[in-house]
């Protein structure tokens, strides 16, 4: 070891610097008692934004519980003012890229040895719901310099997020191993890792990468133009199994690419030793409300279709994540003290690319954009076991469930995410399976025609009729504003009265709901404006205009036809309640005309005009040449999943207040998609299939139960605190 520098971090003596990045420095170190050599990554937390800090801590929370010989071990985390030190396993052999530079073309037997170890590590990650989105030789470390060294997967999100991405590194590093669907900013899933594995194997046995280019654009063009994988003429001695594996991993269309199960069982890796699943899983303790983390990794198709239930990728760039990104559930595979399970398997032809209509479901997320952000974490509920107990069918019309695809918000974000935490993916289907053609897969295949989650058929754009199931009286509500609370203020204010799949027949109740939907969706617009995603913001803003237009239509229809029998009665109740609860509110209904709707209509008109002005401003910022308008409904759906994911992260981290806020907004968006969106004046109109409705109801039910759990927990905690205070007062007296 290099000369001791005199620095001490925890129980470790710090030696020479062995690496550095924009926000981190890596040091060689030695335990001062037993002499164990380690690598210490020193991260300057004050240089990370809040999202990166959360993603980093979330990833650490997960990775500390993975113990496998083919994954770099996180030994300890040491905090100091302004810094976090990650104590990592030290690998004397350096990384695989150095090995390749030193040896050139490696014997097939050696390549097989490394591939078997890489496969074992990937299987562990997959069983723990982790997608490593930056597999390349530089991120594969070797325990020694020998040909039989242990290979260890490293840099789970930290390196990508913390290191500068200069042009040279961008062109010479990740893109050479990056799946084409990622470079094209399409939806992608764990199969992107398999492309990277194929590129690494190809380089090991041929001495060069499968595709090259003078720029990333040219590299992508070369991949797209290729019709088959070409091996150099001096590689005639490669076995058929090796060639077959390379060809099947490097399929441009991820739908045609091998599934993970097919990869793990490929003849080229057939003599790989199996590992103990129980040891590789996250050692997360079970908490009430969460599925156990030790669930079996193998699931049949029926179970898988149901377990797809909460595709929250804690990936945040989302986003994830994820994380990110990402966490646990007592009733799920991962757990939190509240009840969210994070399933254990990742792959998916599903999460892959999810182009709904014109847009793809996006991250990130990345979930945790960074790691856990990057980690897209999907929370799976107890619904599967509950259904089995009730003997309800577990299969859906289309076996694939809505899997939140790893969102690729922008190229830099997508590159900054190293792995995604997702809830257990559906059982792998052979690459030749016809299942990919099923009509409403949430997971969209990146190379195949877009598969729509929401069926958008062009038809008349006339105002939708005001129909709906019977609802409770609106007398409990004040004015449109007096009882309204911003979506982020309290998770106890969520109104689920419209969750019967049909809008309320009470005009004021429905208008109030529309207003809350618009306010929540408006947050998405401003988030995208801040991220310079003006086209996406404009698309969502048009949906908000449709909401307010529907509200105006309700007012006009009520005034003309008295649809609810006695409209003035509801209006008067509203006015009475408003005067009682908020006599000083500038927004209350103070002067109603004979039909009672004039003032409310005026308020809505003013809001509608404001939204039009914002839409006009957004339209000015859209660059010419943008021919495809993102699908606002898909964007809203993705946002709901991201919010649910973030709520799960907050819940696991013990921040129940914010968890409830995120759950509340997620439910509101999902209820909007289920109840109101199909009724809006959209072109083309939104049409939901029964299977999509079922999924939306499932998500709403799950998140609503999480909300109820948090509220119950808070009431219980408050009661205990009050009891303790009374007991203390009694003792003092």
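The first residue you see is number 1, and the count goes up from there.
Placed from the backbone N, Cα and C atoms, the Cβ positions cover glycine too.
Taken from Swiss-Prot, the feature domain 'Protein kinase' applies to 12-269.
Residues annotated as ATP binding site in Swiss-Prot, with sequence analysis given as evidence: 18, 19, 20, 21, 22, 23, 24, 25, 26, 41. Residues within less than 8 Å, Cβ to Cβ, of residue 20 (ATP binding site) and separated from it by at least 6 positions along the same chain comprise 26.
Per Swiss-Prot, the feature region 'Disordered' maps to 292-363 (among others).
According to Swiss-Prot, the compositional bias 'Polar residues' annotation covers 329-339 (among others).
Per Swiss-Prot, compositional bias 'Basic and acidic residues' is recorded for 342-360 (among others).
Per Swiss-Prot, the feature compositional bias 'Basic and acidic residues' maps to 379-393 (among others).
Sequence annotations record features per position, and here Swiss-Prot assigns region 'Disordered' to 379-414 (among others).
Positions annotated as motif 'AIM (Atg8-family-interacting motif)' by Swiss-Prot: 419-422.
Positions annotated as region 'Disordered' by Swiss-Prot: 565-596 (among others).
Per Swiss-Prot, the feature compositional bias 'Polar residues' maps to 566-577 (among others).
Residues or ranges marked as compositional bias 'Basic and acidic residues' in Swiss-Prot: 579-596 (among others).
What Swiss-Prot records for 713-733 (among others) is region 'Disordered'.
The annotation compositional bias 'Polar residues' is assigned in Swiss-Prot to 717-733 (among others).
Shown are the binding-site residues 18, 26; of these, the residue with the fewest other Cβ atoms within 10 Å is 18. The 10 Å shell around the Cβ of residue 24 (ATP binding site) contains 23 further Cβ atoms across the protein chains shown.
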